[in-house]
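Going by TrEMBL, these are the annotated features:
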- 386-407: compositional bias 'Acidic residues' (COMPBIAS)
- 137-172: domain 'EF-hand' (DOMAIN)
- 176-291: domain 'RGS' (DOMAIN)
- 293-328: domain 'EF-hand' (DOMAIN)
- 379-407: region 'Disordered' (REGION)
Amino acid sequence: MGICNTKSRVASGSGSDNREVLSGISEMKSSVRITNAIETKQKIYDDLLKNSDIGSEKTELWQKSMHLLQSLAEGPEGKLDISYMTKDKVKEIFVDVDQGSFEHTWGLFASRFQEKKRVDPKEFVLTMSLLATPAKDTATECVLIFTIFDPDGSGTLDREEFGSLMKATIMSKLTHVEFLMKNDAAKKVMEEHMASEYTEENGRFYEAVNEWKKIEDPTVENTAPIIDTYIRVNSEQQVNISSGMAAACVDAFESARDSGGKIPKDLFDASQKEIYKIIDKDSFSRFKKNDDEIDKLCDALFKECDHDGSGCITLPEYKAWVQSNPDAMNFLRELNSVSEDAVEQVRNSVYFKRLSVMDPDPQKMQELRDKYAEGLKNMRDGGVETLEEEGEEEESEEEKETEEVAL
């Protein structure tokens, strides 16, 4: 996936783009640098775990990782099988997390297995640890979510990958119909949906009021059409507001008109708010349940985001698009909260507390270090470079002690 029709597409991101993934995670204070365009998720997480100079917070990351590997992947006779962990086992830890959010989260990490019933435990744990810390800015969020939804590490998002991202965004609790109404391409799809339900007058009224609010000093001439078309009883496209609310709006307008006074700037505030609720709770709710409508929306947004028409979306294209559509980050922001809850459960678990006071096993610790040293060498041979070359093999006595306790 992610193969573009134009050349040089793989080199779409820069080293600084990739560094944003980790530099935005302030609590971890990472010193990792990835110089390739966009490395795969696994390389990013492995690089974080092996090379981050984050002191005591590194210890906590080790503890969380080792805890889940042991508590979730235990076999029937106490034997460890850390090759995968099942969805049911993960649910035991994330039992208090909203089910809908858990399903989205699970889908991010289960894609490598075709049956999608299990997940690599280390990848899951490290991903949750990363996501539990909100990014500092939108640019960093873009790199992180782009990387998550680019599982093949191609450096681009094809239609399927972008569609997965948009579906997760649309289904997020933080996303409301305003996300669609602010975007011309999305608004057209939503308007067609409301027309099919014979509720298009609500969308037209909402937009008409938005345009009216841009007028510094509204007049009778530019206010009357809204009153006569949408508010008056038996008007051509009367919107679904209470008779009392409609009467109050008409009375305020006619009073200003007859007295020659100013049209109140808040004339339509109550009625627009009411119509927005109806669109969001009813029309948008039904829209989200219609797979065909969601696909239409994803097609429209993909075409808009794919600025050069290559058939793939690069990181710079996605960043530029998000600048005009900030709500596109809603899923990641919701995931921050979900991940914080999950990580907190791990931190407070019996296994975690027991692990934090266990005596270190020198043999296991050395095996783990050897494994990571070999992985680091392989990554370097593949073109991945890390920061702090001098002294990267040196650790303070305090760091050694905390890592040993963590193991």
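Just so you know, glycine gets a Cβ as well, placed from its N, Cα and C.
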Secondary structure composition of the domain 'RGS' (176-291) [DSSP: H/G/I, E/B, coil]: 81 helix, 0 strand, 35 coil
For the domain 'EF-hand' (293-328), residues assigned helix / strand / coil by DSSP: 26 helix, 2 strand, 8 coil
Secondary structure content, the domain 'EF-hand' (137-172) (per DSSP, counts of residues): 24 helix, 2 strand, 10 coil
